[in-house]
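Trainee: Take a look at what Swiss-Prot says about it:
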- 5-189: domain 'Glutamine amidotransferase type-1' (DOMAIN)
- C79: active site, nucleophile (ACT_SITE)
- H166: active site (ACT_SITE)
- E168: active site (ACT_SITE)
Amino acid sequence: MRELKILVVNNYGQFCHLIHRAVRDLDMDTKIIPNVTPIEDILAEEPDGLILSGGPEMERAGLCFDYVREIDIPILGICLGHQAIALAYGGHVHSGKKGGYAEIEIEVIEEDDILRGLGPKITVWASHADEVAILPEGFIHLARSDICEIEAMRHPTKPIYGVQWHPEVSHTKKGDELLTNFFEVCDRY
């Protein structure tokens, strides 16, 4: 696979720099950008993909809703980024049954491009209080867990994916594989 340019959108999450490092360690050209970067500035960078980081609260998600609706490149939302994708397309987010920072087991419902080769179960690291409660219309439900029903999803026609867990942290098994699957989507787009 060629070296891709992947922009990491900073939503003020504690793991944003880990996303950047994970992408860089997988030999991709990457940089972190503020979540208030104008769309025209993002497009001027000619990125192959965007990753929306996690963050502490939706009120600080900047222009993420605009990015997922208006930028026509592959997008991966992680944690709050996943929730922002859902909200941008009419889904609902609410407080989860269990919040906090813990290892959980994910059940892959549908492998799709992003979860290819990762199932049927994956041990991942989660750190969140809120979760996607209702999928946006037409979105495909990809994974679930005992504490969060919508752990992963994708847009029905666009290469837009969301995962509630953190593939960038070392405790997540197969996190690099998930990111590599995303890069393959970017490379084909």
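Every residue number used here counts from 1 along the chain in the order it is shown.
Each Cβ is built from the backbone N, Cα and C atoms, and glycine gets one as well.
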Trainee: Provide, as an integer number of angstrom, the distance between the C-alpha atoms of C79 (active site, nucleophile) and H166 (active site).
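Mentor: Answer for this pair: 7 Å between alpha carbons.
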Trainee: For C79 (active site, nucleophile), which DSSP three-state class applies?
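Mentor: The three-state answer is coil.
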Trainee: I'd like to know the mean pLDDT over the domain 'Glutamine amidotransferase type-1' (5-189).
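Mentor: PLDDT averaged over the stretch: 94.
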